[in-house]
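What follows is a set of notes on a single structure, which appears directly below.
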Amino acid sequence: RLEGARMDLIKKLWTARKLILVVMIPLSLLPLPLIHPCSESSCAYVLIVTAVYWVSEAVPLGAAALVPAFLYPLFGVLKSSEVASEYFKDTTLLLMGVICLAASIEKWNLHKRIALRMVMIAGAKPGMLVLGFMCCTVFLSMWLSNTSTTAMVMPIAEAVLQQLICTGIADSLDDSVTVDTQEEESEKEENHKPINNELELMNCKDNEKHEVCMLREESNGLALKPAFVTAFSKRSNGYLPEAPISIPAPPKKPKIRRDSLYPTKRDHMICKCLSLSITYAATIGGLITITGTSTNLIFAEQFNNRYPEAKVINFGTWFIFSLPIALIMLVLTWIWLHFLFLGCNFKETCSLSKKRKTRREILSEKRIHEEYQKLGPISYPEVVTGVFFILMTVLWFTREPGFVPGWTSLFEKKGYRTDATVSVLLGFLLFLIPSRKPWPSAFSSESTGDDEDEEDDPLAPMITWKDFQRLMPWEIVILVGGGYALAAGCKVSGLSMWIGRQLEPMSGLPPWAVTLLACLLVSAVTEFASNPATLTVFLPILSALSETLQINPLHTLIPATMCVSFGVMLPVGNPPNAIVFSYGHVQISDMVKAGFGVNLIGVFVVMLAILTWGEPLFHLSEFPAWAVMRNVTGNL
């Protein structure tokens with residue numbers, strides 16, 4: 001009985017562990033501001049409590065981000081009005097405009113058309129299929145959130161994988177045996193060349209004996225099937241008469257996995273490779289643009305708030321720096337996944353030759369073409385969305401390109417227009433522009449929206465507030481605002497300077513070593529904590545460290561911002577990992593094994609970038625004047 005009562009108590013405590021953590025953490029840390037009643041200790045108390053809530057996820061991330069809103073005024077660190085102003089910044093408007101465009105892309109299936117077209121170009125060879133899905137996922141993730149991109153692309157990939165599984169049993173004898181394409185078949189029919197013998201001898205690797213197989217024509221394509229007692233000879237008129245022959249001992253069939261959902265181990269490996277490639281590609285694509293992921297926005301806003309005189313981070317400079325990183329990571333990640341799951345035979349899995357294909361490759365391409373045909377011809381809303389997509393990108397690039405005057409130089413007052421201005425303007429226009437052509441010929445029923453009222457309304461806009469509300473991540477907005485509030489409190493209270501002074505013993509390390517340590521630490525922590533929360537905690541610390549060591553803050557902040565996205569080893573690392581894991585093709589051991597390699601690749605490429613082309617782009621070899629001014633102001 002005592003043992004049972006003890007077990008029941010343990011179970012109840014485990015069930016209420018989050019509530020216990022929420023109550024005990026603030027109480028256990030309360031002596032810190034009471035014993036040392038100063039602004040630094042009070043700010044440290046708020047920072048530690050919020051960080052523990054974020055890392056443990058004892059309360060929702062958005063709710064934990066509200067802790068500074070009431071603790072800072074209570075402890076006298078910031079006024080309530082000052083804290084409130086930190087929760088809505090310029091980057092919030094930037095995110096809202098991007099979400100408007102993302103809502104239009106999703107509503108009118110432009111993302112699906114782009115993904116299917118890129119996969120059709122890549123082909124159905126396993127290696128090229130994985131590369132094609134990775135390329136389209138990277139492209140979409142540049143403009144949409146990583147989670148939305150993964151949720152969009154995975155159903156398309158799952159349809160292709162199910163086609164592979166369904167055709168796996170019929171094709172399980174030998175995946176490498178090829179059949180003629182339809183073009184070769186038409187040539188044979190035109191020439192009326194008789195084929196006298198279709199009997200083949202195949203060398204089976206398992207028993208090193210020969211099997212007698214026949215080539216039989218089916219309605220859905222050509223397949224190889226064993227025939228132990230018969231063979232066929234094909235006449236010129238297309239009929240297939242039987243001619244029995246005797247064979248002393250029937251050979252053994254290749255083993256088919258009856259205890260698994262996958263016909264062969266190779267099928268399972270293809271499913272693993274393709275599934276994991278999508279979540280990794282979404283992470284890589286999010287690095288390219290400043291709006292690609294929430295961590296990039298957190299870095300941009302905190303950096304601009306801390307160093308207002310530094311006019312170096314904008315859409316163009318970030319894109320120029322991060323695009324080569326993404327391209328190198330894309331290629332290396334594809335090679336790593338191919339080596340891990342598909343082996344080293346790149347010639348077999350990545351052949352671009354279209355003359356000879358396996359049966360499953362023909363059926364996979366057929367399935368992809370069918371999905372693309374269901375979309376129909378490109379519609380008017382897709383064209384409008386595409387134009388807005390290109391226009392937003394061009395206006396971002398040309399606002400302040402740096403090497404030539406941007407379009408903001410046309411205005412008399414400088415510094416009033418940011419990337420958020422462009423984003424919100426175009427997002428606002430999407431609520432006004434009709435989703436049907438302005439001329440009468442298109443008033444039939446071109447709309448593909450889900451709302452019946454919109455189909456009846458000829459002036460229905462491209463997106464509605466419901467479309468925007470469905471995609472707008474308000475939790476991320478509050479989370480980012482909580483990070484800004486924490487950073488503001490650390491600045492006003494002097495906590496960031498105190499942390500910097502404690503890190504002075506690291507002044508003997510070279511800048512690249514400090515950056516490498518920061519990257520490894522951040523990428524390790526983010527495996528168990530959310531990416532935005534991890535970056536929000538580390539940015540003020542790394543900024544203070546850089547100022548103390550007289551290192552350009554960008555030398556540590558940019559690599560840390562990128563490495564915080566490399567939480568790819570566990571399903572809890574980020575939402576795209578959880579989405580891919582939910583499809584059931586991969587296990588945790590697969591994610592750990594593949595994600596560890598991707599993590600190392602990411603840290604290596606980011607360090608390579610910051611030490612090569614990043615140095616002249618951001619002038620990283622010198623301690624900039626805007627950082628000196630911030631350091632002097634903080635000391636005063």
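Cβ atoms here come from the backbone N, Cα and C positions, even for glycine.
Just so you know, TrEMBL annotations are computer predictions that nobody has curated.
These features come from TrEMBL:
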{"type": "TRANSMEM", "residues": "16-35", "note": "transmembrane segment"}
{"type": "TRANSMEM", "residues": "42-75", "note": "transmembrane segment"}
{"type": "TRANSMEM", "residues": "87-105", "note": "transmembrane segment"}
{"type": "TRANSMEM", "residues": "126-144", "note": "transmembrane segment"}
{"type": "TRANSMEM", "residues": "278-300", "note": "transmembrane segment"}
{"type": "TRANSMEM", "residues": "312-337", "note": "transmembrane segment"}
{"type": "TRANSMEM", "residues": "378-397", "note": "transmembrane segment"}
{"type": "TRANSMEM", "residues": "418-435", "note": "transmembrane segment"}
{"type": "TRANSMEM", "residues": "476-500", "note": "transmembrane segment"}
{"type": "TRANSMEM", "residues": "512-542", "note": "transmembrane segment"}
{"type": "TRANSMEM", "residues": "594-614", "note": "transmembrane segment"}
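Take the transmembrane segment (312-337) and the stretches 42-75, 378-397, 418-435, 512-542: counting Cβ pairs under 8 Å, 378-397 has the most. Pairs of Cβ atoms less than 8 Å apart link the transmembrane segment (512-542) most often to 42-75, out of 16-35, 42-75, 126-144, 378-397.
The transmembrane segment (42-75) shares more Cβ pairs under 8 Å with 16-35 than with any other stretch in the list 16-35, 87-105, 278-300, 378-397. Same-chain neighbours of the transmembrane segment (476-500): 39-40, 42-44, 46-47, 50, 61-62, 64-69, 72, 77-78, 82-83, 86-89, 91-92, 95, 294, 297-298, 301-302, 305-306, 532-533, 535-537, 539-541, 543-545, 547-548, 634-635, counting only residues six or more beyond its ends whose CB sits under 8 Å from a CB of the stretch.
Fewer than three CB pairs closer than 8 A are found between the transmembrane segment (378-397) and the transmembrane segment (16-35), and contact between the two stretches is not assigned (pairs 6 or more residues apart). Looking at which of 87-105, 278-300, 418-435 has the most CB pairs under 8 Å to the transmembrane segment (126-144), the answer is the stretch 278-300. If you look at the transmembrane segment (278-300), the same-chain residues 6 or more away from its ends with a CB under 8 A from one of its CBs are 91, 94-95, 98, 133-135, 137-143, 145-147, 149-150, 153-154, 157, 313-315, 318-319, 322-323, 325-326, 329-330, 333, 337, 419, 423, 473, 476, 479-480, 483, 531-532, 535-536, 539, 557-558, 561-562, 564-566, 568, 574, 576-577, 579-580, 594-595, 598.
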